[in-house]
Amino acid sequence: MSEMTPREIVSELNKHIIGQDNAKRSVAIALRNRWRRMQLDEELRHEVTPKNILMIGPTGVGKTEIARRLAKLANAPFIKVEATKFTEVGYVGKEVDSIIRDLTDAAVKMVRVQAIEKNRYRAEELAEERILDVLVPPAKNNWGQTEQQQEPSAARQTFRKKLREGQLDDKEIEINLAAAPMGVEIMAPPGMEEMTSQLQSLFQNLGGQKQKPRKLKIKDAMKLLVEEEAAKLVNPEELKQDAIDAVEQHGIVFIDEIDKICKRGETSGPDVSREGVQRDLLPLVEGCTVSTKHGMVKTDHILFIASGAFQVAKPSDLIPELQGRLPIRVELQALTTSDFERILTEPNASVTVQYKALMATEGVNIEFTDSGIKRIAEAAWQVNETTENIGARRLHTVLERLMEEISYNASDLHGQNITIDAEYVSKHLDALVADEDLSRFIL
């Protein structure tokens with residue numbers, strides 16, 4: 001898992017997300033506390049539970065982006081889910097236990113990649129030997145059996161040197177590669193994943209591990225052989241256990257749109273996709289054991305981060321027990337004009353940088369001036385105020401409209417320099433921004 005300090009985590013998040021310092025600090029502290037807990041004695045470590053977070057803020061201010069960037073920094077099993085996709089147990093739809101199953105699947109995939117990477121050097125050696133066996137077949141005795149040679153032959157060493165220098169990359173060889181296992185899809189009701197997994201592995205192993213001859217260039221064969229040899233060096237049982245440990249100790253679940261499962265007013269009949277889902281989430285957040293196809297997973301130390309706009313509902317509309325399981329509340333602020341200006345210029349891959357790079361592929365040089373950036377930010381903020389406030393996402397809409405003419409004619413503008421200043425922006429957007437009805441439908 002990540003050993004970054006809170007300050008380093010915030011610094012990384014600042015490269016992609018503007019403002020929202022309180023939210024960044026909270027997730028940075030929560031992530032660091034995962035590392036701190038692992039440094040404790042076994043007895044005390046079991047008692048330290050994660051402090052789950054509830055992020056509250058209007059749409060388009062960076063809640064989901066914080067989660068997306070956190071996933072890359074965490075170097076731990078991470079999953080982002082939408083609360084609206086689940087229904088109460090016993091009704092048609094996904095049940096909340098599938099969150100932990102999906103998280104475990106993600107952990108297995110992550111641990112497998114790490115294990116393969118760890119064995120890559122040895123796998124490359126084995127793959128090289130298999131290619132050399134095709135290029136320079138080992139000597140055989142009178143009975144057709146391969147003889148064990150103390151020293152590699154001079155020819156083999158010569159080919160090894162050429163292979164490592166890339167001189168044989170384009171040479172075609174025929175080599176035996178493992179055939180893809182027979183895929184069998186089995187639909188099963190929730191909770192029966194363990195049984196379906198066993199049936200699938202049974203069908204896949206019926207024919208054994210078959211080899212299939214394929215004709216490939218050495219460069220392509222090398223990649224496939226390295227993957228095949230690395231997979232052979234990985235112990236599946238160890239891999240599963242490591243993945244389960246990673247989920248239990250370092251797993252992070254991000255639940256988006258949690259405000260959409262709040263109960264609004266008095267309703268009659270069962271509320272299977274709102275309050276029912278909240279009740280089902282309780283044991284997961286509090287700590288329980290979930291059965292997955294890889295084994296039993298305890299959720300006691302998984303970190304849960306929930307987020308929602310809470311424009312119609314309020315955090316107090318969540319059932320009290322769930323409110324108590326989300327002790328850290330972070331409020332994200334609505335974005336201002338100056339925030340929009342920073343969003344257009346400061347992030348590593350800001351929208352303006354993306355448009356400049358896209359147009360450069362057609363030989364068109366786009367230049368955004370400070371006055372142009374300011375006018376774009378003002379236009380986006382103005383439309384947000386007069387219509388629906390969708391936060392930073394409005395910048396995409398405004399910029400797409402602004403760049404439409406250039407994008408359409410880019411192939412005819414090869415070699416030209418185009419400056420986007422306040423005058424250019426006003427010419428293309430003022431009429432739309434001023435007319436509220438047009439803004440509502442076009443921007």
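Including glycine, each Cβ sits where the backbone N, Cα and C put it.
Swiss-Prot annotations:
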- Ile18, Gly60, Val61, Gly62, Lys63, Thr64, Glu65, Asp256, Glu321, Arg393: ATP binding site (BINDING)
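Features as recorded by Swiss-Prot, highlighted on the structure.
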residue : record           : Cβ within 10 Å
Ile18   : ATP binding site : 21
Val61   : ATP binding site : 26
Lys63   : ATP binding site : 27
Glu65   : ATP binding site : 17
Glu321  : ATP binding site : 13
Max CA-CA distance, Å, over listed ATP-binding residues Ile18, Gly60, Val61, Gly62, Lys63, Thr64, Glu65, Asp256, Glu321, Arg393: 34
